[in-house]
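A short write-up of the structure that comes next.
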Amino acid sequence: MKILVLNSGSSSLKYQLFDMEKETVMAKGVVQRIGIDNSFLEHENYRGEETTIETDIPDHNRGIQLVIDTLQDEKYGVLNNMEEIDAVGHRVVHGGEKFAESTLITDEVIKQIEEVSELAPLHNPHNLTGIRVCSKLMPGIPQVAVFDTAFHQTMPRKAYVYALPYEYYEKYGIRRYGFHGTSHKYVAERAARLMDKPLEELKIITCHLGNGASVAAIDAGKSVDTSMGLTPLEGLVMGTRCGDIDPAIIPFIMDKENLDIKEVDNVLNKKSGLYGVSGISNDSRDVEEASKDGNERATIALEIFKYRVKKYIGAYTAVMGGVDAVVFTAGIGENAIEMRESIVEELGFLGVKLDRDANNNRGKEIEISTKDSRTKIFVIPTNEELVIARDTARIVES
């Protein structure tokens with residue numbers, strides 16, 4: 001079975017084609033600058049052959065058609081014809097309360113995704129565009145929606161209801177949803193395999209640390225709490241997002257800086273986090289370099305970032321009544337050696353012992369705790385596309 005996985009953004013389109021027999025990637029690539037000047041497609045096949053196609057890509061329709069054509073290209077392609085694709089799996093950011101698992105796309109499902117799009121206005125409309133274009137260009141080929149929020153729908157009510165007037169939840173669906181669900185699910189399952197124990201017997205804390213960052217408490221394979229909330233703004237300090245703050249700061253800033261609500265929202269989402277505190281960059285590597293050079297604001301930004309991660313690990317250990325493993329994943333989690341060391345070294349109260357030699361690796365699946373560490377620590381590169389492909393294959397086969 002061959003599955004095409006698509007992640008449609010506002011001006012970009014990422015894709016991977018999987019052969020599910022051995023779960024291998026046949027081809028992958030990205031369409032960049034859709035609807036903008038100097039648009040292009042970057043493509044690589046399983047033979048390691050790469051190509052860049054620079055052409056006018058005015059919309060997603062042209063972008064997806066270009067992907068289909070490139071997958072069938074005589075030199076760089078891996079398919080003889082489009083009919084070899086058995087199904088298409090789409091990343092959809094927000095499923096609200098309507099979707100607790102991945103689902104086969106129908107007209108009714110599209111309508112329901114539209115209904116929750118106000119909860120993810122920067123993502124869902126573009127995800128829907130990808131779905132509609134595929135329906136038009138690939139009629140008859142089944143499509144599956146895989147939601148970032150679905151994995152967290154197992155959270156208990158006490159974890160997802162905010163202490164606001166309850167009618168806001170009833171009328172508007174204001175509650176904690178959580179994100180990065182496919183990533184948290186994948187690395188938790190991998191951790192269980194590396195421990196050679198059933199996932200159902202484990203308490204795992206997964207730390208997805210990238211430009212967007214979240215932590216999840218996973219008890220017996222189910223998400224019981226997560227740091228992101230109604231939107232991806234809550235929780236950890238991120239590249240440009242503030243994470244947890246006192247809500248009263250918002251009207252205070254509006255008054256002091258003479259800003260309207262959209263301007264404050266822009267500050268919290270795009271001008272805060274590592275970037276806002278350091279004044280340098282949203283990229284943790286740049287901030288770390290500046291900190292080493294003696295930049296105090298960069299040092300403060302990193303201290304806050306690490307402190308918030310440790311705070312959530314401690315909280316989620318309490319939520320689950322213990323923890324068997326902590327997993328680091330995503331760009332920072334997989335590659336920031338000193339960041340991991342600093343976080344893990346202060347988890348001694350959990351019986352954690354760091355293996356510094358093992359930790360001295362980037363982007364590699366590895367246990368970084370010692371053999372006698374009571375709580376295991378892993379670095380596991382995430383693979384959200386594979387989760388989408390697996391879910392798509394499972395749903396289409398059933």
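In case you wondered, yes, glycine gets a Cβ from its N, Cα and C as well.
Within the same chain, residues at least 6 positions away in sequence whose Cβ sits under 8 Å from that of Asn7 (Mg(2+) binding site) are Leu13, Lys14, Tyr15, His90, Arg91, Gly130, Glu385. Asn7 (Mg(2+) binding site) falls within a strand segment according to DSSP. If you look up Swiss-Prot, you'll see Asn7, Glu384 marked as Mg(2+) binding site, on the strength of sequence analysis.
For Asp283 (ATP binding site), the same-chain residues 6+ apart in sequence whose C-beta sits under 8 angstroms from its C-beta are Asn211, Gly239, Leu274. Under the heading ATP binding site, Swiss-Prot lists Lys14, His208, Leu209, Gly210, Asn211, Gly212, Asp283, Ser284, Arg285, Gly331, Ile332, Gly333, Glu334, Asn335, citing sequence analysis as support.
Counted within 10 Å of its Cβ, the other Cβ atoms near Arg91 (substrate binding site) come to 22, all protein chains included. Arg91 (substrate binding site) carries a strand DSSP state (E or B). If you look up Swiss-Prot, you'll see Arg91 marked as substrate binding site, on the strength of sequence analysis.
The annotation active site, proton donor/acceptor is assigned in Swiss-Prot to Asp148. The Cβ neighbour count for Asp148 (active site, proton donor/acceptor), using a 10 Å radius and every protein chain shown, is 25.
Note on His180 (site 'Transition state stabilizer'): other Cβ atoms within 10 Å of its Cβ, all shown chains, come to 28. Per Swiss-Prot, the feature site 'Transition state stabilizer' maps to His180 (among others).
Under the three-state DSSP scheme, Arg241 (site 'Transition state stabilizer') falls in the coil class. Its own atom aside, the Cβ of Arg241 (site 'Transition state stabilizer') has 26 Cβ atoms within 10 angstroms in the protein chains shown. Under the heading site 'Transition state stabilizer', Swiss-Prot lists Arg241 (among others), citing sequence analysis as support.
In this structure, the CA atom of Leu209 (ATP binding site) is 13 Å away from the CA atom of Arg241 (site 'Transition state stabilizer').
The Cβ of Glu334 (ATP binding site) has 20 other Cβ atoms within 10 Å, all protein chains considered. Among the recorded positions His180, Arg241, Arg285, Ile332, Glu334, the ones whose Cα sits within 10 Å of the Cα of Asp148 (active site, proton donor/acceptor) are His180.
Considering only the recorded positions His180, Arg241, Glu384, Arg285 (ATP binding site) has Arg241 as its nearest partner by CA-CA distance. Of the recorded residues, His180 (site 'Transition state stabilizer') and Ile332 (ATP binding site) place their C-alpha atoms 15 Å from one another.
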